[in-house]
């Protein structure tokens with residue numbers, strides 16, 4: 001099995017992976033859904049602060065890989081017969097390393113400028129999004145505190161998502177074609193960066 005991880009800051013366009021997954025009939029697992037589920041389970045409203053604090057608490061309680069552990073468990077229990085699984089929402093190098101200790105992982109970073117992301121989040125209007133710039137900045141800083149910058153910097157592929165949704169999809173489609181055309185090469189892709197201790 002090959003995992004294709006999607007990383008990027010909030011509003012960068014990670015969810016566009018769902019369209020590509022649909023096109024290629026690939027299963028997709030959202031790490032953010034795991035955190036939102038855990039937030040609700042703890043009886044908290046889905047606000048940016050509550051979801052962010054739940055992510056922090058999960059990592060404090062179960063280690064920096066906590067969300068990756070839950071996702072991989074789900075994958076192994078429900079998708080073990082799949083050749084490729086997309087994991088959307090990788091937030092840290094700890095999570096990258098955890099996945100790569102267990103499965104080959106190709107990492108795709110989706111990047112957009114802060115202003116572009118802020119405008120998208122205002123339009124998206126998900127419960128844990130905010131139309132307040134200060135709350136947006138706090139969320140960015142919290143994400144960077146998880147070491148998401150390390151994951152983005154060490155991605156195998158980068159999509160710059162400043163144009164249209166279709167442009168983002170075309171870039172993702174080209175990357176997926178590269179991976180599918182060289183599947184055996186990427187199934188050996190599991191080098192680990194162990195310096196974050």
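Backbone N, Cα and C atoms are what each Cβ position is placed from, and that goes for glycine too.
Note that the structure is a prediction, hence the values are computed from the model and not measured.
Copied from Swiss-Prot, the annotated features are:
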BINDING   8, 9, 10, 11, 12, 13, 14, 15  ATP binding site
Residues flanking the ATP site, with Cβ no more than 8 Å from the Cβ centroid of 8, 9, 10, 11, 12, 13, 14, 15 and excluding those residues themselves: 110, 112, 117, 120, 161
Other CB atoms, at most 10 A from the CB of residue 10 (ATP binding site): 25
Neighbour tally for residue 9 (ATP binding site), based on other Cβ positions within 10 Å of its Cβ: 22
Winner by Cβ contact number (other Cβ atoms within 10 Å) across the binding-site residues 8, 11, 13: 8
Count of other CB atoms lying within 10 Å of the CB belonging to residue 14 (ATP binding site): 23
